[in-house]
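What TrEMBL annotates here:
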type: BINDING; residues: LYS48, LYS89, HIS181, LYS213, ASN310; note: 1D-myo-inositol 1,3,4-trisphosphate binding site
type: BINDING; residues: ARG124, LYS174, 202-213, SER228; note: ATP binding site
type: BINDING; residues: ASP293, ASP308; note: Mg(2+) 1 binding site
type: BINDING; residues: ASP308, ASN310; note: Mg(2+) 2 binding site
type: DOMAIN; residues: 39-118; note: domain 'Inositol-tetrakisphosphate 1-kinase N-terminal'
type: DOMAIN; residues: 139-322; note: domain 'Inositol 1,3,4-trisphosphate 5/6-kinase ATP-grasp'
Amino acid sequence: MVSGGCVGAEVEVDPEAAAAAAAAERDEAVAPAPARELVVGYALTSKKAKSFLQPKLRGLARKKGILFVAIDHKRPLSDQGPFDIVLHKLTGKGWQQLLEEYRETHPEVTVLDPPGAIAHLLDRQSMLQEVSELDLTDRYGKVRVPKQLFVNTDALSIPAAVTTAGLSLPLVAKPLVAKSHELSLAYDPTSLTKLEPPLVLQEFVNHGGVMFKVYIVGDAIRVVRRFSLPNVDEGDLSNNAGVFRFPRVSCAAASADDADLDPCVAELPPRPLLEILARELRRRLGLRLFNIDMIREHGTRDRFYVIDMNYFPAFRNSLEFKDWLELGTLKLCLLSMYSWYGKMPGYEHVFTDFLLSLSQKEYKRRPSYSSGEW
């Protein structure tokens, strides 16, 4: 039997998220743009640029004096711009070299974020290391990482490695490189031999079918509830065999804030706990733009686990219907629970305010980009 949170109770709404969403509807009230625009060069894949640079964000940015300019990653950055901020999410040694050379010759430009720091979050073997070492415990709760195992051997040896490491079934299997969001759930030792290393195996923690997406944008923190994998009980372990694959589970569901859930499941993590966690991870990782996937262990109020992290996450995302057809009956039974689109409430205001705060902290006097004074 698959279990989750009880249905029928009202859900507590995150006051900050609600306020941010309301602010996003008041774009017309934004003050006139300042005389000197803030030029943000962006180096993104076409898919990322399309999902992130929505018309609403561009419009609000213009009103606040922010200009987004596309970067040609095949040309030296010094031949482009000038830029106040470089926003990027490209991989590859060629791009990293271009960016590092640019940082050395243009220290006045803010780069979001250092390539080396980003690389830390692209490798699931090291992704959660800082959270594990932080071992956060205070009066608001505990934040841990589920037991996990890096596997880079023949698949037939995985069951023995799991036993030696002391991991308990079921296990979530994730690709080593975090660019892939697909994951699998393995119920029995035989199914482990069907996995494809290299990968990371992570103990599945029952969490009532709700995940908390914690967005960290500079000093700002926003939390969105998302539907997640349902609880697994003893019946599931005895009645299910094989590997169940789930494409982009955390992105599949829109915000669960409007759903009727057991308050014990839906209650957001304590704000002070999130502030401590975000502050420590910003410092340890050297990043200002990332998100944390967090769950609360089912049946507890203060025991949380960080199960994944992403750099420069999608603030708007969707799952196409063809992806649902691949999920099988275990997940199709939950289809009616999901909405097709999800995003961080009010991300346009949060992100533009973040960019402006960077310009105030690290302002360097220069002529206007559009003035042609170069």
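A Cβ is built for glycine as well, from the same backbone N, Cα and C atoms used for every other residue.
Unlike curated entries, TrEMBL annotations are predicted automatically.
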Q | LYS213 (1D-myo-inositol 1,3,4-trisphosphate binding site) and ASP293 (Mg(2+) 1 binding site), distance between Cα atoms, whole Å | A | 5
Q: Between the Cα atoms of SER228 (ATP binding site) and LYS213 (1D-myo-inositol 1,3,4-trisphosphate binding site), find the distance and write it as a whole number of Å.
A: 11
Q.
Between C-alpha atoms, which of these binding-site residues comes nearest to ASN206 (ATP binding site): LYS48, LYS89, ASP308, ASN310?
A. ASP308
Q.
Considering Cα atoms only, can you say which of LYS48, LYS89, ASP308, ASN310 is the nearest neighbour of PHE212 (ATP binding site) among these binding-site residues?
A. ASP308
Q.
Spatially, which candidate from the binding-site residues LYS48, LYS89, LYS213, ASP308 is nearest to GLN202 (ATP binding site), comparing Cα atoms?
A. ASP308
Q) In the predicted model, what is the mean pLDDT computed over the domain 'Inositol 1,3,4-trisphosphate 5/6-kinase ATP-grasp' (139-322)? A) 86
**Q.** From LYS48, LYS89, ARG124, GLY208: binding-site residues whose CA lies within 10 A of ASP308 (Mg(2+) 1 binding site)
**A.** ARG124
Q: Using C-alpha positions only, work out which of the binding-site residues LYS48, LYS89, ASN310 is nearest to PHE204 (ATP binding site).
A: ASN310
Q: For the domain 'Inositol-tetrakisphosphate 1-kinase N-terminal' (39-118), give the DSSP counts of helix residues, strand residues and coil residues.
A: 36 helix, 17 strand, 27 coil
Q) Compared by Cα position, which of the binding-site residues LYS48, LYS89, ASN310 is the closest one to GLY208 (ATP binding site)? A) ASN310
Q: Pick out which of the binding-site residues PHE204, PHE212 has the most other Cβ atoms within 10 Å of its own Cβ.
A: PHE212
**Q.** Lowest local Cβ density (other Cβ within 10 Å) among binding-site residues: GLN202, ASN206, SER228, ASN310
**A.** ASN206
Q: Using all protein chains in view, find how many other C-beta atoms are within 10 Å of the C-beta of ASP293 (Mg(2+) 1 binding site).
A: 19
Q. Whose Cβ, among the binding-site residues LYS48, LYS89, ARG124, LYS213, has more other Cβ atoms within 10 Å than any of the rest?
A. LYS213
